[in-house]
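**Student:** The structure is given below, and queries will be raised subsequently.
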C-alpha cells in the first residue's frame with residue numbers, strides 16, 4: 001500500500017513504460033507514439049487509482065455491487081471523455097433520480113397552475129359582482145308608499161290652481 005502512494009515509484013513506472021515503448025518502436029518519426037503513450041499513461045493511472053479505491057470501498061461499504069458498478073461507470077465515462085465523446089454512460093439509479101426530480105418539478109408546477117387558476121376564477125367572480133353592483137337599473141315608476149311624512153305633501157295640481165302649498169293657511173302670533 002505504501003508503494004501505491006509513492007510518487008517516485010509512480011514516476012519510475014512511467015519512465016519504465018516510456019523506455020520500453022522507445023525500445024519497441026525504433027522509428028522516432030512514428031506518428032502514433034504520443035497517442036499510444038497517452039493511452040498507456042491513462043490506463044496505468046486508472047489502474048493505480050481504481051484498485052486501491054475499490055479495495056477500500058469493498059471493505060467499508062455494505063453494498064459492494066453498487067460500488068463496483070459506480071466505479072466501472074466512472075471509468076467508462078472517463079475513457080469516453082478522453083476519446084472525445086460527449087455522451088456518458090448512466091446507471092439506472094441516476095436515471096431514476098432524474099425522473100423523480102422531473103416528476104417532482106412537474107407536480108410543483110401543476111400545483112402552482114391550480115392555485116393561479118383558482119385565484120383567477122375568484123377575481124372574475126369578484127369583478128362580475130362589482131359590475132352587477134355598479135350597473136344602474138332603469139325604474140319606470142317610483143313607489144312612494146314607503147316614504148315618510150306624506151300627510152303634509154301638496155300635489156302639483158294645488159300649486160297650479162294658484163294656492164301655494166308652502167304658505168300657512170292661518171297666521172297666529174303670540175302676545
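Just so it is clear, glycine is given a Cβ too, placed from its N, Cα and C backbone atoms.
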**Student:** Could you tell me which of the ranges 29-51, 52-74 is annotated in Swiss-Prot as transmembrane segment?
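**Tutor:** Transmembrane segment, as annotated by Swiss-Prot, spans 29-51.
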**Student:** Which number gives the other C-beta atoms within 10 angstroms of the C-beta of residue 18 (N-linked glycosylation site), all protein chains shown included?
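**Tutor:** Around the Cβ of residue 18 (N-linked glycosylation site), 14 other Cβ atoms lie within 10 Å.
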**Student:** From the Cα of residue 120 (Ca(2+) binding site) across to the Cα of residue 18 (N-linked glycosylation site), what is the distance in angstrom?
**Tutor:** 73
**Student:** Work out the three-state DSSP category of residue 120 (Ca(2+) binding site).
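**Tutor:** The three-state answer is helix.
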